[in-house]
């Protein structure tokens with residue numbers, strides 16, 4: 001089964017993201033706005049149990065994460081994804097790094113850029129128009145997220161929460 005690890009931002013930030021996603025993101029119906037901490041990976045049921053135990057330890061030893069967003073950006077020319085750029089901080093970078101260690105071993109395909117996607121799979125012209133409009137929009141958002149989630153993918157392509165991990169909490 002395919003799994004992934006994400007942070008879900010506040011409803012306020014999700015509403016901002018969704019105001020664009022419903023028009024510009026074909027994955028809008030498959031997963032709420034999120035910040036991907038670990039790209040999707042395959043696990044058996046037995047491996048999933050081990051990973052849950054490991055993630056519980058990671059969470060216990062981590063602190064809540066501050067998300068600061070001050071602008072929209074894009075991964076162009078690599079791809080036409082437009083996102084709200086989350087300013088990197090020690091907590092989020094450390095958690096991302098841990099999520100590629102044992103037992104979740106793997107090598108990220110790209111350098112980790114904390115972000116919340118608002119548009120993807122756009123034509124070059126549409127990407128240019130949407131990004132130009134969003135870069136004119138002021139955004140100054142800060143919030144603290146105290147949990148992350150292990151998700152799994154259903155047969156229809158949508159993602160659902162398998163387990164939630166509270167940052168800095170025993171248990």
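Even glycines carry a Cβ here, placed using N, Cα and C.
Pulled from Swiss-Prot, these are the features on record:
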ACT_SITE  34  active site, proton donor
MOTIF     34-37  motif 'HXTX 1'
ACT_SITE  115  active site, proton acceptor
MOTIF     115-118  motif 'HXTX 2'
Between residue 115 (active site, proton acceptor) and the residue listed as 'active site, proton donor', how far is it from one CA atom to the other, in Å?
8
Assigned element (helix, strand, coil) containing residue 115 (active site, proton acceptor), judged by DSSP:
strand
Within the predicted model, mean pLDDT of the motif 'HXTX 2' (115-118):
98
